[in-house]
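See structure below.
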Amino acid sequence: MQYSEIMVRYGELSTKGKNRQAFIGRLNGNVTRALHEFPNLTIRPKRDRMHIELNGEPSDQVMARLSQVFGIQNFSPSIAVEKDMDKVHAVALQLMNETAPKGISYKVNTRRSDHDFALDTNAMNLDLGDYLTDKRPDLVVKMHQPDMILRVEVRREAIYLSTKTIQGAGGLPVGTAGKAALMLSGGIDSPVAGYYALKRGVDIEMVHFFSPPYTSQQALNKAKQLTAKLTPYVGRIYFIEVPFTEIQEEIKAKVPEGYLMTVQRRLMLRLTEAIAQQRGDLAIFNGESVGQVASQTLESMAAINDVTTMPIIRPVATMDKNEIIAEAEKIDTYDLSIMPFEDCCTIFAPPSPKTKPKTDRARYYESKIDVAGLMDRALAGVKIQEIKSSDQFMNQDQDVIAELL
């Protein structure tokens, strides 16, 4: 079946009142970026839904991209028909023959924005229902919870028919909730936290700490590839690489073993806050889950958060590890996350870190190092790269990865 357009129904936009138009405008921009590889499309955002005219572009490929755009409740591939009931009958029958298995229940649901059309919604429902009952007597009309709905939209230019409704990504259009920094490690949790941030409309930038020669180029490439895994939801994400070797060596030399992780995390948070403020970010996201590791007890979080007044948001804080893994598998980051490349969070990890560090002790040990100088030098070495979904960073590591797995 050759579809004419895809009809998009908005998600939570219906609750946004006076800001609705701004939300629709942002969604329109996000959809346009997501579908930029299909130049013949015409995208028409309306108050209650969006119409994407295919103009010959492949509907399956367009819908695959569309399914990853946040702010969409669902969408339907539709066929445009002239406002001639004989032609509407013919296309409706063809559509049902191709999509409705024998013996299922269905109903006709008509919406009419063209009130000059001869048939109102009830008359249209009855007309098409009678015709289909005559031509497909195996189908059962059922008004409540049918197996299939034949949706009909009567508009000025044509009548649109559809039988499929495909679930969208939900959430809010990315960018409508502001911009934030995400502390991205190479693990399972932080990409999932990034996914949830995007779903709530937050435009994220990745902050990743890199400690050569203790961490490898493969580890850096892995973090960039994890970023690329999330870009289909937004179009592009900035990856901010922060050199962290000198800081880790200084902490290792001057801070007692039990407080290494706490002070290291405090410096990471200080640097992330500084970068976020420079770039106009409103909050910091991370992948911490309460009690999962020593640095993620409430006492550790309190001692680490002490260095910032910026909001710290933890989308996976109350999730079990199995729940986080299931979400990582769903968004296709899990296999990449478990590749065994060391990140800077693990290379100097003490065997027995404090699970209940004291904030005053963390401050004291931190005072033993030149925080200002270390931060200045790290910030001077920051590298920023724009990452898109088509970018590949792991190709050069294929043989190594295959051997490791």
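Note: Cβ is positioned from N, Cα and C throughout, glycine not excepted.
A quick note: this is a predicted structure, and the numbers were derived from the prediction, not measured.
The domain 'THUMP' (60-165): residue composition by secondary structure is 37 helix, 31 strand, 38 coil, according to DSSP. What Swiss-Prot lists as domain 'THUMP' is 60-165.
Of all Cβ atoms in the shown protein chains, 24 besides its own fall within 10 Å of the Cβ of Gly287 (ATP binding site). The annotation ATP binding site is assigned in Swiss-Prot to Met183, Leu184, His208, Phe209, Arg265, Gly287, Gln296 on the grounds of sequence analysis.
Across the residues of the domain 'THUMP' (60-165), the predicted structure has a mean pLDDT of 95. Long-range Cβ contacts of Met183 (ATP binding site) within its own chain (separation 6+, distance under 8 Å): Ser190, Val207, Met268, Leu269, Thr272, Ile284, Phe285, Asn286, Gly287. Each of the binding-site residues Leu184, His208, Phe209, Gln296 was scored by how many other Cβ atoms lie within 10 Å of its Cβ, and the smallest score goes to Gln296.
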